[in-house]
Amino acid sequence: MSSLVFSSVDWSSPSLWLSVFSIAFNPLAWNIVARNGMSFFARDPPSFKRPTLSSSYPSTEYRNKTITRLFGGNARYGCYFLAIMIFAFGILRDTLYERALKDQPAHALLPAPLNTLVPAALFLAGQTFVLTSTWALGVTGTFLGDYFGILMDHRVDGFPFNVLRDPMYVGSTLCFVAAQEAKSESKKEL
């Protein structure tokens with residue numbers, strides 16, 4: 001099965017690699033920005049010493065407050081800014097993923113009617129996990145508010161966190177798989 005999947009991918013497609021890059025880049029970038037407080041992009045106080053590789057990792061937005069300072073000391077505004085950036089880059093990532101799917105050959109993995117029902121169920125489950133975890137955490141809980149010193153009053157242990165450890169990642173993955181199978185089926189019909 002895995003050899004069928006790997007042999008049916010057009011590895012030479014630039015859109016595939018651009019999509020892979022954007023999927024890997026987004027969480028890496030926003031964690032680096034939040035952990036380092038954008039200190040390489042903002043004007044630092046004169047006493048600031050440029051961090052070395054070993055010292056830059058522990059310096060966080062919580063300690064440096066660089067993004068917070070960009071918003072006049074308001075940590076919530078800094079967190080909301082980061083949330084908008086994460087969301088915008090997520091839309092870009094999804095667009096690049098959709099383009100990569102269009103450029104790939106169509107190979108439906110499931111027979112009818114499962115080729116419609118399974119992607120729909122996967123997408124519904126994925127969106128349920130993503131949306132309910134966002135609802136449970138709120139904007140600041142979802143988009144790295146803890147890096148800004150914005151902490152929740154208590155640990156969230158209700159649904160979907162009582163079912164999955166990482167419901168947003170699992171939900172997003174389910175949606176990506178559902179989109180792939182749905183695109184394969186729609187391309188096959190053309």
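Here the Cβ of each residue, glycine as well, is placed from N, Cα and C on the backbone.
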In TrEMBL, Ser13 and Lys183 sharing a membrane side: no
Close approaches to the transmembrane segment (77-97) from elsewhere in its chain (Cβ under 8 angstroms; 6 or more beyond its ends): 15, 18-19, 22-23, 26, 29-30, 33-34, 61, 65, 67-68, 70-71, 139-140, 142-145, 147-148, 150, 176, 179
Number of Cβ atoms other than its own within 10 Å, given for Ala125 (S-adenosyl-L-methionine binding site): 16
Residues satisfying Cβ distance under 8 Å from Gly126 (S-adenosyl-L-methionine binding site), sequence separation of at least 6: Val170, Gly171, Ser172, Thr173, Leu174, Cys175, Ala178
Residues of the parent chain within Cβ reach of the transmembrane segment (117-145), under 8 Å, 6 or more residues beyond its termini: 30-31, 34, 61, 76, 79-80, 82-83, 86-87, 110, 151-152, 156, 158-161, 164, 167-168, 170-175, 177-179, 181-182, 185
